[in-house]
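Dumping the structure here so I can ask a few things about it.
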Amino acid sequence: MNLAKKDFIIGFLIAVTVVSGIITLILSIVEVQNVLLPASIKYGIVFDAGSSHTSLYIYQWPADKENDTGIVSQVHTCAVKGSGISSYVDNPSQAGESLKTCLDEALTIIPCKKQMETPVLLGATAGMRLLREQNNTQANQILDEVSKSIKQYPLDFHGAYILSGNEEGSLGWVTVNYLLDSFVKYSFTEEWIHPNPDQTLGALDLGGASTQITFHPSGAIEDTDTKMFFRLYGYNYKVYTHSYLCYGQDQALKMLLANLTKENNFSSSINHPCYATGYSQTISLKDIYNSPCVSAPPSNNPAQNITVNGTGDPAECKSAIDKLFNFSACGTSKMCTFNGVYQPPVHGQFYAFSAFYYTFSFFNLTSGQSLGIVNETIWNFCTEEWTKVEVKFPQENVIRLRDYCFSGLYILTLLLDGYKFNDQTWTNIYFRKKK
């Protein structure tokens with residue numbers, strides 16, 4: 001079960017138990033099958049509504065708790081057919097209809113006498129956040145339709161929500177740390193042991209539409225908008241967290257491509273330094289300017305086609321990536337990332353997952369390689385000709401293969417120039433796959 005799924009369990013338990021005045025989070029999550037359930041067992045259903053797909057998860061937990069933090073187990077999953085709910089802008093009712101097969105399946109898993117008391121929550125992330133930015137009415141229509149469908153079932157519906165970026169980031173931090181037993185451990189003497197709160201790890205998450213950084217700083221958090229509090233297992237935790245909408249790798253690449261078209265006065269043919277030499281693709285402007293992350297010019301002709309030709313120039317690619325960030329907005333402040341966003345200095349060790357991991361895994365750079373080796377590896381890949389790249393990686397998805405040069409350099413820019421990691425703190429980043 002991956003980190004993103006567990007994020008939603010945490011959010012689900014918070015939302016459900018706040019109703020009764022109790023903040024409950026997960027102690028541990030394990031895969032279980034064919035277990036004998038005690039009479040006090042409870043069930044919960046979570047819909048993870050991501051940008052590309054939606055999944056349903058069923059959880060169960062007994063009454064046993066450690067300082068009001070419950071033990072939760074996943075017992076069933078169901079992949080909803082079709083794309084993410086944000087894709088149903090032209091037919092919102094289908095967003096709700098798409099959930100019904102999995103809901104029907106859930107009723108075969110949860111005992112009849114438990115169904116009316118089974119809480120259900122749907123949580124959506126950056127895909128729906130972007131839609132809300134673009135058209136709040138359409139986003140609300142989709143949430144209304146999925147709510148309408150879920151309410152048709154004999155379950156205790158607790159709402160369909162779009163998680164804020166800070167919620168997503170901070171819940172990712174919680175997930176990483178309880179997976180690593182940073183909050184509580186169960187000893188061989190059958191006692192709960194609480195590690196020092198300073199031993200928690202930071203979380204770095206890179207998705208398609210947004211990126212999040214969350215960590216426990218060494219000093220005070222001066223900006224209250226970036227401060228989150230948790231009480232877990234009887235202990236208080238304070239973290240810094242910030243989410244950058246539009247700075248996920250897919251949207252960042254779209255912003256870069258838009259910049260290139262503007263710089264070339266919307267010529268019918270443009271050069272792309274982050275694509276390999278020999279790569280060529282024809283796309284329409286509407287495929288570039290169809291996101292709230294990209295501002296379309298007044299004279300834009302959506303039907304216009306342009307041919308994008310790769311030039312495989314890592315120096316120019318890095319320069320184009322730099323233009324996506326406003327580093328000058330921070331002035332001389334050392335407590336700032338980019339676009340004028342406050343951030344205390346990074347502190348401690350960090351887990352980098354999602355696209356951070358998948359990109360570095362492609363480059364075989366997840367084993368603690370030095371920053372020098374990382375730079376050299378990515379730089380060399382960017383200079384390879386497209387025909388050679390295709391031969392070297394015949395099993396790789398063509399679009400992902402095309403984008404790896406950009407993704408690698410983008411990650412380096414984000415971590416080093418944005419989040420302010422350096423030669424010394426780089427070794428504190430662990431690139432790990434979602435479990």
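Each residue, glycine too, has its Cβ placed from N, Cα and C.
Found this in TrEMBL, in case it helps:
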ACT_SITE  Glu168  active site, proton acceptor
BINDING   Gly208, Ala209, Ser210, Thr211, Gln212  ATP binding site
TRANSMEM  7-30  transmembrane segment
Can you name every residue in this chain, apart from Gly208, Ala209, Ser210, Thr211, Gln212, with its Cβ inside 8 Å of the center of the Cβ atoms of the recorded ATP site?
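These residues sit around the ATP site: Ala126, Gly165, Asp205, Leu206, Gly207, Ser243, Tyr244, Leu245, Tyr247, Gly248, Gln251.
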Using Cα coordinates, what distance in whole Å links Glu168 (active site, proton acceptor) and Gln212 (ATP binding site)?
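Rounded to the nearest whole number, the Cα-Cα distance is 8 Å.
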Check the DSSP secondary structure of Gly208 (ATP binding site), expressed as helix, strand or coil.
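Where Gly208 (ATP binding site) sits, the three-state DSSP reduction gives coil.
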